[in-house]
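One structure below.
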Amino acid sequence: MSSALEVEGSGSPGVEPAATATASRLKRHDSLFGDAEKVSGGKHHGGSAVSWAVTLHLAFQSVGIIYGDIGTSPLYVYSSTFPDGIGHRDDLVGVLSLILYTLIIIPMLKYVFIVLYANDNGDGGTFALYSLISRYAKIRMIPNQQAEDAMVSNYSIEAPSSQLRRAQWVKHKLESSRAAKMALFFLTILGTSMVMGDGTLTPAISVLSAVSGIREKAPNLTQTQVVLISVAILFMLFSVQRFGTDKVGYTFAPIISVWFLLIAGIGLYNLVVHEITILKAFNPWYIVQYFRRNGKKGWVSLGGVVLCVTGTEGMFADLGHFNIRAVQISFNCILFPSVALCYIGQAAYLRKFPENVSDTFYKSIPGKYRDRLNFGPLFWPTFIVAILAAIIASQAMLSGAFAILSKALSLGCLPRVRVIHTSKKYEGQVYIPEVNFMMGLASIIVTIAFRTTTSIGNAYGICVVTTFMVTTHLMTVVMLLIWKKHLVFILLFYCVFGFTEVVYLSSILSKFVDGGYLPFCFAMVLMTMMATWHYVHVRRYWYELDHIVPTAELASLLEENGGVRRVPGVGLLYTELVQGIPPLFPRLVRKIPSVHAVFVFISIKHLPIPHVAAAERFLFRQVGPRARRVFRCVARYGYTDALEEPREFAAFLVDGLKMFIQEESAFAPHQEMIDAAADDDDEAAARPRRSTSSAVHSEEAIQAASSGRTTASSVQLQAGGEPPAAMDVEEEKRLIDREVGRGVVYLMGEANVSAGPNSSILKRIAVNYIYTFLRKNLTEGHRALAIPNDQLLKVGITYEI
């Protein structure tokens with residue numbers, strides 16, 4: 001039987017220990033052993049070697065990036081909490097106490113001192129938590145895991161200890177239960193959808209609340225005119241997104257710092273001048289009295305109180321730009337004292353002027369009072385800084401939404417669209433044109449339709465609290481599976497924060513008909529899109545996997561119908577599969593009976609880690625006899641890595657291919673020994689079995705699928721011990737350079753997916769209508785990869801799933 005075998009570096013069936021030892025001693029740099037074994041480690045600010053000077057600098061920079069949203073909340077919290085006015089003067093003490101302890105419990109205790117430590121090699125957010133869990137337990141739906149992936153820098157992590165049966169039990173349940181996998185996936189896309197809703201509502205409520213202050217100087221302005229001014233600012237905000245923030249980003253921290261100084265100073269002034277006894281709100285007993293006095297009305301008011309913690313998730317999501325210590329310092333030393341003083345001062349002011357609750361912030365600015373309206377010298381500076389702070393808060397939320405969506409693309413949850421990186425200095429600064437247009441349009445429509453911050457706040461709170469709850473549930477899994485904390489601590493975490501968030505959510509849901517329905521509509525649309533796309537993406541992958549062409553049939557495939565011509569140049573065929581020859585290739589050969597002199601099957605694969613070092617980017621394998629010059633390449637990226645431009649990508653790939661050929665020759669002297677130990681290749685092993693309990697491979701099946709029973713050494717052998725074609729290595733490298741000079745052609749499949757004839761109505765709607773609509777209207781295909789049209793060849797193919 002003439003077929004190719006690949007020999008596993010350790011523990012492969014049919015490989016003698018001597019061969020394994022030989023392979024392990026040779027430090028190869030091809031993708032299947034050497035590159036995977038290298039540990040270069042990405043630089044990150046979270047390292048223990050970071051000095052205090054760097055940490056303090058990062059703490060200052062973090063003020064402008066992650067605190068704009070939560071820092072501008074004083075613009076609208078009291079007006080949202082008391083939409084019908086203040087019923088009792090002591091209600092202010094109870095609400096202030098609620099605000100203070102909400103700030104302490106959720107942002108400070110939960111996020112700053114617990115959640116930040118669950119980062120994924122420095123990156124935070126809902127998607128990072130899901131990726132972290134997926135490295136400990138095989139919960140991802142697409143069966144493209146390879147043993148080499150676990151050897152990439154930043155990937156390998158300590159497995160759960162065998163002494164801790166609970167962690168092993170949780171891991172087993174997650175891997176064997178389809179319901180558990182679906183639940184975690186559902187939580188992830190729910191969190192992503194709510195962040196997108198947050199990114200739509202943050203600009204609307206922040207800009208509208210800041211602009212509303214102009215009516216203090218121009219009381220003749222109508223609310224319609226205020227809305228139109230806000231719409232103009234929003235239009236400019238979304239229009240300049242494509243330029244990024246590289247040129248002006250350095251001003252964010254100073255502007256937000258000035259904002260915090262202003263609101264802290266104004267709050268301190270109001271506290272001293274109006275009523276210093278408001279400090280008794282630090283006694284939580286006033287919360288109990290507030291609910292006793294107001295009952296259901298007090299419970300409903302929690303929907304306004306929770307707006308004081310908007311933007312909290314940003315501390316975690318933007319952690320990749322800073323480190324834990326920097327965020328802890330900036331929160332506890334800058335943010336919390338500033339906003340706490342602001343809320344305390346506003347409460348002291350409202351105790352004296354409760355009728356001004358609808359516009360507390362601007363009317364509490366110190367100055368000479370004339371008919372209880374402020375005309376002091378601080379008004380215009382505060383108004384201008386408030387506008388700038390609102391824009392920065394919106395910009396930070398938009399940047400976070402773009403970054404999260406770019407991560408969702410790597411999970412296969414959205415159509416492939418082009419992600420534009422707007423900064424060469426700061427990673428993670430991305431721009432997605434289609435998403436920017438839809439979010440900008442939605443934000444403007446919301447501003448025009450709702451008109452007031454109170455109405456928008458009803459919708460805003462649902463996005464905020466739902467994201468909190470998603471993080472709480474994922475964090476509980478992290479504590480059980482990865483941190484392996486004591487069960488008492490885990491239960492305490494889940495009960496305290498889960499109960500707090502459920503109470504807030506129940507309050508916000510009471511305002512469902514008053515605007516609360518909006519984020520649910522956003523979430524339903526986005527989740528339907530992501531779930532449908534991911535479902536078809538997985539089913540399509542399985543279809544291709546079930547119809548792979550065995551490597552042993554490559555020779556007969558290339559020689560059918562009188563033979564296939566080898567034309568000059570390099571052909572790169574893109575495929576989702578990481579093993580086997582995709583069904584697209586036979587169709588290409590039959591339609592166009594020619595194959596390029598150097599032919600490479602390319603798979604772009606996203607690993608559940610933030611970054612993959614450039615030296616570890618490519619995995620190569622020889623496909624068939626060496627003389628045919630047919631290769632497989634898996635290009636691996638982290639979920640925050642940017643795809644290179646085509647020319648740069650091709651240059652890196654060719655360099656890696658030549659290195660692979662160079663070091664393949666190092667195995668020639670050991671070929672006979674390994675051949676004697678190797679079994680005949682069994683193509684059936686390359687076809688992974690479906691697990692009866694889930695749509696993901698079992699661990700054994702993944703091993704077989706990803707490597708054809710073998711992985712680490714990537715030695716390509718002839719079954720009969722026949723040595724590879726004798727060709728001088730340097731000559732072969734020159735041949736590759738020559739073919740590259742003759743042109744590189746990119747080949748892609750234009751797949752049309754349809755539901756099978758026996759499919760249910762729901763499946764037909766999802767596949768034939770929703771998926772098809774998304775594919776035709778949103779997918780950019782080769783444009784997302786920036787492939788030039790004059791170098792592209794598309795091959796049509798139909799899949800019936």
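Using N, Cα and C of the backbone, Cβ positions are placed for all residues, glycine too.
The topological domain 'Cytoplasmic' annotation in Swiss-Prot covers 1-57 (among others).
What Swiss-Prot lists as region 'Disordered' is 1-20 (among others).
Residues 45, 50, 95, 99, 107, 202, 205-206, 209-210, 249, 251-257, 259-260, 263, 303-305, 307-312, 314-315, 318, 321-323, 325-327, 329-331, 333-335, 338-339, 342-343, 346-347, 350, 357-361, 386, 389-390, 392-397, 453-454, 457-458 of the same chain lie 6+ residues outside the transmembrane segment (58-80) yet bring a C-beta within less than 8 angstroms of a C-beta in it. Annotation comment: Swiss-Prot describes 58-80 (among others) as transmembrane segment, evidence class sequence analysis.
Per Swiss-Prot, topological domain 'Extracellular' is recorded for 81-94 (among others), and the stated evidence type is sequence analysis. Here the topological domain 'Extracellular' (81-94) has long-range neighbours at 278, 280-281, 286-287, 289-291, 293-294, 297-298, 301, 304-305, 347, 350-351, 354-355, 357, 454, meaning same-chain residues at least 6 beyond its ends whose C-beta is under 8 angstroms from one of its own.
Taken from Swiss-Prot, the feature transmembrane segment applies to 95-115 (among others), supported by sequence analysis.
Taken from Swiss-Prot, the feature topological domain 'Cytoplasmic' applies to 116-181 (among others), supported by sequence analysis.
Long-range contacts of the transmembrane segment (182-202) within the same chain: residues 69, 126-127, 130, 133, 139, 141, 174, 310-311, 313, 317, 393-394, 397-398, 400-401, 404-405, 408, 411, 413, 439, 442-443, 446, 456, 459-460, 462-464, 466-467, 470-471, 473-474, 477, 518-519, 522-523, 526-527, 530-531, 534, each at least 6 residues beyond the stretch ends and with a Cβ under 8 Å from a Cβ of the stretch. Per Swiss-Prot, transmembrane segment is recorded for 182-202 (among others), and the stated evidence type is sequence analysis.
Sequence-distant neighbours of the topological domain 'Extracellular' (203-219) (same chain, 6+ residues past either end, Cβ-Cβ under 8 Å): 69, 72, 75-76, 226-227, 229-230, 233-234, 237-238, 359, 361-363, 373-375, 379-380, 383, 386-387, 389-391, 393-394, 397-398, 443-444, 446-447, 450, 452-453, 456-457, 460. The topological domain 'Extracellular' feature in Swiss-Prot is assigned to 203-219 (among others); the stated evidence is sequence analysis.
Taking Cβ pairs closer than 8 Å, the transmembrane segment (220-240) reaches residues 203-204, 207-208, 211-212, 214, 387, 391, 394-395, 398, 436-437, 439-440, 443-444, 447-448, 451-452 in its own chain, all 6 or more past its ends. The transmembrane segment annotation in Swiss-Prot covers 220-240 (among others).
Residues or ranges marked as topological domain 'Cytoplasmic' by Swiss-Prot on the basis of sequence analysis: 241-247 (among others).
The annotation transmembrane segment is assigned in Swiss-Prot to 248-268 (among others) on the grounds of sequence analysis.
The topological domain 'Extracellular' annotation in Swiss-Prot covers 269-298 (among others), and the record cites sequence analysis as its basis. For the topological domain 'Extracellular' (269-298), same-chain residues at least 6 beyond its ends with a Cβ under 8 Å from one of its own Cβ atoms are 87-88, 90-98, 100-101, 341, 344-349, 351-352, 364, 366.
The transmembrane segment annotation in Swiss-Prot covers 299-319 (among others).
With DSSP states grouped into helix (H, G, I), strand (E, B) and coil, the topological domain 'Cytoplasmic' (320-328) comes out at 7 helix, 0 strand, 2 coil. Annotation source Swiss-Prot lists topological domain 'Cytoplasmic' at 320-328 (among others).
Taken from Swiss-Prot, the feature transmembrane segment applies to 329-349 (among others), supported by sequence analysis.
What Swiss-Prot lists as topological domain 'Extracellular' is 350-375 (among others).
Residues of the same chain lying 6 or more positions beyond the ends of the transmembrane segment (462-482) and with a Cβ under 8 Å from any Cβ of it are 106, 110, 114-115, 118, 126, 129-130, 132-133, 136-137, 157, 160, 166-167, 170-171, 174, 184, 187-188, 190-191, 194-195, 197-198, 201, 306-307, 309-310, 312-313, 316, 489-490, 493-494, 497-498, 501-502, 504-505, 508-509, 516, 519-520, 523. Listed as Cβ neighbours of the transmembrane segment (95-115) (distance under 8 Å, sequence separation of 6 or more from its ends, same chain) are residues 70, 77-78, 81-82, 124, 278, 281-284, 286-287, 290, 301-302, 305-306, 308-309, 312-313, 315-316, 327-328, 331-332, 336, 339-340, 343-344, 347, 468, 471-472, 475, 493, 496-497, 500-501. Scored by C-beta pairs under 8 angstroms, the transmembrane segment (488-508) has its highest count with 299-319, from the stretches 299-319, 376-398, 430-450. Between the transmembrane segment (329-349) and the transmembrane segment (248-268), the number of CB pairs under 8 angstroms, six or more residues apart, is three or more, so the stretches are in contact. Residues belonging to the topological domain 'Extracellular' (81-94) score a mean pLDDT of 90 in the model. Here the listed stretches are 248-268, 376-398, 430-450, 512-532, and the one with the most C-beta pairs under 8 angstroms to the transmembrane segment (299-319) is 376-398. Recorded stretches compared: 248-268, 376-398, 430-450; the one with the most Cβ pairs under 8 Å to the transmembrane segment (512-532) is 430-450. Packing against the topological domain 'Extracellular' (451-461) from elsewhere in the chain are residues 75-76, 79-80, 83, 197-198, 201-202, 204-205, 208-209, 212, 223-224, 227, 303-304, 306-307, 310, 504, 508, 511, 514-519: each is 6 or more residues past its ends and has a CB under 8 Å from a CB in it. Using DSSP to sort the residues of the topological domain 'Extracellular' (269-298) gives these counts of helix, strand and coil: 25 helix, 0 strand, 5 coil.
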